[in-house]
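Per TrEMBL, transmembrane segment is recorded for B:20-40, B:52-70, B:77-97, B:103-125, B:137-158, B:178-199, B:231-249, B:261-278, B:285-302, B:308-327.
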Amino acid sequence: MKLTKSILAAAVIAGSLGGAAVAQDKVTIGVSVPAATHGWTGGVNYFAQQAIDRLSTTYPNVDFVFASAPDSPKQIADIEDMVATRNIDALVILPGDPDAMTSAIKQVKDGGKFVTVVDRQLSINGVENLYVAGDNPGLGANAAAYFKEVLPEGGNIVILRGLPIPIDQQRFDGFMGGIEGTKLNVLAHEFANWNRDDGFKVMQDFLTRFPDIKGVWTQDDDISLGAIEAIRQAGRENDMFVVGGAGMQQILQRVAAGDKLTPVDVSYSPAMIATAIELTTAHLVSNVQVSGRYILDSTLITKDNAARFLDADSPF
Amino acid sequence: MTASAPETAGKPARGFRIDLKTAGPLLALALLVLLGITLNENFFTYNNLTNVLARSSFIGIIAIGATFVITAGGLDLSVGSMAAVIAGVMIMVMNWLIPSLGIGWSVVLAGMLAGILLGGVAGVFNGMMITRGRIEAFIVTLGTMGIFRSLVTFLANGGTLSLNFQVADVYRPVYYDGLLGVPYPIIVFAVVAIAGEIVMRRTTFGRHCAAIGSNEQVARYSSINVDNVRLLTYILQGVLVGVAVLLYVPRLGSASSTTGVLWELEAIAGVIIGGTMLKGGHGRVWGTVVGVVILGLIGNILNLQSLISPYLNGAFQGVIIILAVLLQRGRRNG
């Protein structure tokens, strides 16, 4: 008992000394992300935790509150709790459904907190102090540029889309805009829900339906993995190539190995959450100006630069 | 137009009428096949039909288990999540055994055994909570649905569990190869279906299921051990989920938190389309097979045509499902 007390006392003294050293009080940052329902959000959770661990060691006076929510009501409850019980100074949020979350996030902002929104645009402009996102139209456009380059004579392609939400539409529009005026012919596009099993099914049926396919754009690596198995089953690996998106390790390894079926990938890294947490922390501990919009490039990953994107520890 | 079939059949002799009306799901299936043939010439090819049947086999095998559970007046919402967690554990077991057993069939067989065992254990847990714990089946399996789903997310560390590359190559033929041109998943599906039909129609267990589902009190007074029969249906369901996963894992060699999402609803829909009553008391295993094949064909046909916008896929599915059940409505009312 006595021992615990003295440890506590020591901790308090150490804490106040540490605080004095940087001449600043303790700050608390809330981080709210959607639950890991698919590979990409799994990556978001992983990179968020990793950034929090790293920054907690670097800045002992910064506290983090991390919450992962399966749906919007839970995510709203999470951020309400963060404000009410943990007295956060800043909120970093990747809203599962931005439209449903907008007013709740606005309340946090109106309460005088610093708000960082990640990946998904809120339905009202100017709520967030800082916006960090990937480039969805660019993801489509960069993929389209690759198709144009390798199929200059044109050819038949099929598209496997994600879920019917705005992100998917932006990617799709970006791609369709990119191939406008070329001889590339989109035979069909269907939703594969960013899911391997659906990717397999839809691709199997596309292969049944179309005897001549030169290229497949899945805009997501989970869908790609399903589609690749369907193509292997049909024995048509040599007739076409598949371009996904996101930068999943399994696909990157194939790209790095020079696989003909998956020659390239387009990055859309879940690590953007780490970028957002870093910037927000920098703002709170040193008051550097970070407000604004940060759009991370959706880079084309080829055999030559794949090594730069490989990360053996990433679960995504 | 389709709904009028039972009415016109209502006039003739009783025996004939019942014949036509139990054929409701078959009629829906036939119409769907006709639609497929008119929409795309590749629909009625051997390759396409085996594709659809092979990928329907997971849901099909699970739905046969669900037919017993539902016939006995129960419900199991956990099957989709259970499939995911079994797939995850199977992959982990196989990866873990490679150093001691080496790359080969022994690893795969050990994985299969682990999968079936885990399915049985999960079934025992569901069944014990429902029959001994006296908790509503809906609540128990809603709870285990969440538990299993989180477990697989936890095991996969939020990402994806992948089977060792070389073992995946050994295991792969289980989904992609077959006997005399018939893929193994279809063969297993057929064997389970025939066995299920025999158990439901010809064994005491099958009759007890129907008796309990139609009136639990009467069944109890008829000295049927209601709790044990119910428990058995959940164990059977768990084991069949295990069997389905044995066929699922070799397809993509991976499991994640998205594996098996909504399979429980697809299985239940297949059972009901097939003519089993949701409130229990009457089960038709062959009907379930037809129901699951109908669901599989709907998805296939939607991908083979370009008349219906992909935005309307859900609506088309809904219409077909309601139509298929409507065909049977005529049977009960008319």
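In case you wondered, yes, glycine gets a Cβ from its N, Cα and C as well.
Heads up, TrEMBL stuff is auto-annotated, nobody curated it.
Counting Cβ pairs under 8 Å that are 6 or more residues apart, the transmembrane segment (B:137-158) and the transmembrane segment (B:308-327) reach fewer than 3 and are not in contact. Taking residue pairs at least 6 apart in sequence, the transmembrane segment (B:261-278) and the transmembrane segment (B:231-249) share fewer than three C-beta contacts under 8 angstroms.
Counting Cβ pairs under 8 Å to the transmembrane segment (B:20-40), the top-ranked stretch among B:103-125, B:178-199, B:261-278, B:285-302 is B:285-302. Taking pairs at least six residues apart, the transmembrane segment (B:178-199) and the transmembrane segment (B:285-302) share three or more Cβ pairs below 8 Å and count as touching. For the transmembrane segment (B:285-302), the residues of the chain that approach it from at least six positions outside its boundaries are 25-26, 28-29, 32-33, 35-36, 39-40, 43, 48, 51-53, 55-56, 59-60, 63-64, 66-67, 189, 193, 196-197, 200, 266-267, 269-276, 308, 310, 313, 316-317, 320-321, 324, judged by C-beta separation under 8 angstroms.
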